[in-house]
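As given in Swiss-Prot:
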type	residues	note
BINDING	G351, D352, P353, G354, T355, G356, K357, S358	ATP binding site
COMPBIAS	709-724	compositional bias 'Low complexity'
COMPBIAS	781-796	compositional bias 'Basic and acidic residues'
COMPBIAS	842-853	compositional bias 'Basic residues'
COMPBIAS	863-880	compositional bias 'Pro residues'
COMPBIAS	942-954	compositional bias 'Polar residues'
COMPBIAS	996-1008	compositional bias 'Basic and acidic residues'
DOMAIN	299-504	domain 'MCM'
MOD_RES	S761	phosphoserine
MOD_RES	S1105	phosphoserine
REGION	671-693	region 'Disordered'
REGION	707-742	region 'Disordered'
REGION	776-1022	region 'Disordered'
REGION	1060-1087	region 'Disordered'
Amino acid sequence: MNSDQVTLVGQVFESYVSEYHKNDILLILKERDEDAHYPVVVNAMTLFETNMEIGEYFNAFPNEVLTIFDNALRRSALTILQSLSQPEGLSMKQNLHARISGLPVCPELVREHIPKTKDVGHFLSVTGTVIRTSLVKILEFERDYMCNKCKHVFVVQADFEQYYTFFRPSSCPSLENCDSSKFTCLSDLSSPTRCRDYQEIKIQEQVQRLSVGSIPRSMQVILEDDLVDSCKSGDDITIYGVVMQRWKPFKQDVRCEVEIVLKANYIQVNNEESAGVNMDEEVRKEFEDFWEHYKSDPFAGRNEILASLCPQVFGMYLVKLAVAMVLAGGIQRTDATGTRVRGESHLLLVGDPGTGKSQFLKYAAKITPRSVLTTGIGSTSAGLTVTAVKDSGEWNLEAGALVLADAGLCCIDEFNSLKEHDRTSIHEAMEQQTISVAKAGLVCKLNTRTTILAATNPKGQYDPRESVSVNIALSSPLLSRFDLILVLLDTKNEDWDRIISSFILENKGYPSKSEKLWSMEKMKSYFCLIRKLQPTLSDEGNQVLLRYYQMQRQSDSRNAARTTIRLLESLIRLAEAHARLMFRDTVTLEDAVTVVSVMESSMQGGALLGGVNALHTSFPENPLQQYQTQCELILEKLELPNLLSEELRRLERLQNWSVDQSQPQAMEAETIPGSLGGDARKESNFRTSTQQEVNCSAHRFSIGGSFGGSPLLGPSSHLGPKGPASGKHSEEHRNSQDGSLDWFDSVATHPIEPKNTAPVSPSPKTSRGAMALKICNNRSQGKEDREAGQRSKLETEPLPAAGETETPLRPGNREGERPRKAATVSEAAVSADEPDSVLTHHVPRKLHKLHKARAQELCRNPTRPPLQPTSPSHPQPTPIQSPERVLETPKRKRQKSHAQAQEPHQESVESLGAPVAKLAKFTFKQKSKLTHSPEDRGPVSPGTSKPVVQSPENPQRRAKRGAALPGKGPEKLASRIRSSAQPQDETRGVSPQPPYKDRPEEKRERAPAKGTVQPELELGNDMGRFFLASERVRKEEVSCSNKSSKVHACTLAKLANFSFTSPSESKSESPPPPQSKNPSEGGPSCVATATALGRKRKTFQLDTSTEKLSLSKTSLFTLPELDDEPLDFDWDEEMRKKP
């Protein structure tokens, strides 16, 4: 550049600075330190618009123009200082530097990759990540020399291109033509102004901006003066500077190594900003309009966002919700003492290979502006945290993955492949969000404010009976730092495999892009926008989170390492994250309930309703109804009735206010391949593998119930704590018959172990005396038939809810018992099925298909007489019931409800005459089994009933004992009454149970009994009259049972005198018929066959007094084997011990 050009550039820049940066210069002049270096940041776009010639000179000669800018800036500062009338407190500063930023966005000036040789000498903007920082050094850039001959003093500048090396001139530069070549260095007399701060950093290309397989390149950056220590390892920075070359001084026979470096003029740190995402008012207005559209049903809008999250993975609704909450993040807080509480949540995905864990990690890394994706196999502690590297004779710190992901996301795949000493190094990084380094004499602390999303495989096959720490071989301190741990079990399931295969093949054959799916850029913009929200906790959300934390602390099966204050902090972070995801600035009750439901579904929760397999979760058809179910379940269990009533009223007002509520639901049902698209729409009602357990445990909040099945995994079970919604329960079962996964749990690869799978009722345990009553009431029809019936019933129909089981008033209930509300009846109905859930066995596939076909045919048959409910509060029965069960309606219920349908078997028997019909109900069946007709019930205790399995009896003995049949009725009645005369305190507090449920087996066994009645009817005479009298007493009792359902103690004492007799005694003795003064005292006559005292009768009753049944939250899906060896015992011996 010639002198004219230099003068032009200097004048234009001086006038520009005086006009646009006068205030900045005044602030600098007010500073007291005159030797410090002060920057003035100049926007290149504005400068070039003022004068285009400056832009041309700047691009052609950047080093010379920058020196001119600095000189012009000093002149401008001096002019401003002299123009002030009162310059008190202002002083002139000599070390002023013009810092250029804001270059025009064009490929010639802005680079995202490391510059190459052709860029040498150009002023560029380069974006990268700092991976290494050196120590700050003192650089002497000028040195004075004196000629030994003429004593001329001259200045020598250090050569940047040769690592700031000083070279003495070959001859004296004096004008006196001195030819001396000997000089003396005056370094001892050099002032501090001849030195400057110097630092070298190393930047690397951003990994997310590279293509797959590309190795990120790096380059050295030179920082001087005020730019020193302006960044640290792990920072994302944009550097404005001149690309230059440098090499070591030449040596003989040594090749010259030239490297490209960037001499920085200005550094802009991008940590706090969302790099590469343009956030303007138009984008914000688009998202505000989106939530305004879903104002009536915000959960439908949230599910649309979740469906766009990793759309190549089908379903997995729970995992997508958890990942979205983790990406949204919480709020970081710092108290008055300086203690910092992290706002980032950590998520661990544990699952079998091929369950989509790595897909979620890759997608999350793509939509997060600052992210690092690594694997545990190739990462050491230095690769994850920080390492000390010796370069050019000095030690430097090089940042690892966690430091590079500061204020971003760090995805670690194969997390269990880390070595043990490497895992411990990230403890501080996960909780304190910093890394303390003391390596090679370098002691410092680096920030790791990152969200960790890790994935791991279980150690071998996942064993639900063991803890998560044992299954994945990770220590408890490390696991406790994860806010959520989701388990993905790839269990055998034909329906799930069919849906997944059709979804994948559809995308392969006919790839299509759904219009409802958000693009990746839109998802990136949304998550960058919501991370700027600062939601605050509401009082309702505080109450729910606090109450849930207290219940976790009080839980018997709590993990002491997990249920600490970290759990409460995790709940707060996740609640704030969900509020951000819903685009709100307040954490409401909806957020708290959703967070509790997700926490319950993870392995970190389970205090309320247990864990769930997050793999088989689908998007709900009605998200608002699903939330209502969650709200009822959780708030009822947390004992917050006031919040529940207020929330239900709010939901009701919301539904009434929304006129177009059906439209968002219809849109949700059409949700894209990511949730319910293609063939998957036909399977929209499919549920998790634990849906069968959900149906039997949703009402009583059993610890063993699968919480995720009912409130989380879809619309298949909308059962609230106060009973199912009327009319919907039956319809949902009918719609989900084909695509339902209800039967999956029954055909799992492992049998059931009662210790881990038996649901525990919240009511007090039933005494053994109450168990004995079940023997008289529920007679088995044969071991083989009973087991087959139980298997078919468990696999072809869900366990009945409140309205599916008849609960008429019965004598035997304690005094003062009255019909309770639907919730109590529901609890009783469910608890009656507890023994059946213990007896789950393997079933052949053919048998399952047969029962499934029968259930489908029954659903299509409109001529079947419906089952009448006992009270208006009970819902309609599920049409999936077998026809035998529907027709087997108790007689008292028919009298109460005036039903028109009659049993065909009863009509055929009653045609033989009244005495014949009465006797037919108390005879031996064909297979010599102890049976009992449902119509004749004795006094039933409120205790929990247990089914009885008796050994078969050979036909000769049955024929031999057949003649003594009538004489045995009163003795059997006496034995039953004696068993009911146990102390009342043993059965107190136990909810009444529904009648015996195995009616399909009784129906099948009843037909052969008609032929066996005839030879025994001839024994009538006096005994026939006795049976007629007993029947009249029973009918009178039935009419009074609706008014009173109690059995007086005096009657129990009288009837307790009866005892069992051997077959020989029963032939010779004829016991007197029981006399009942009051029909309500004696109860209905119960005459049934008796076995010999010498024979042992086996039962599957669990000994509640010796072993307390508990359900482990880790055994909901992989069912261990049932060993019924300790369950067999001599019932007669037990009766003699407790008369």
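The backbone N, Cα and C atoms fix where each Cβ goes, and this holds for glycine too.
What you see is a predicted model, and the numbers here were worked out from it, not measured in a lab.
Apart from G351, D352, P353, G354, T355, G356, K357, S358, the residues listed for ATP, the same chain places the Cβ atoms of L349, A455, N457, L488, D490 within 8 Å of the centroid of those Cβ atoms. Long-range C-beta contacts of T355 (ATP binding site), restricted to its own chain and to partners at least six residues apart, with a cutoff below 8 Å, comprise L488, L489, D490, L615. When other Cβ atoms within 10 Å of the Cβ of P353 (ATP binding site) are tallied across all protein chains shown, the result is 9. When Cβ atoms from all protein chains are considered, those within 10 Å of G356 (ATP binding site) total 21, not counting its own.
In the three-state DSSP scheme, P353 (ATP binding site) falls into the coil class.
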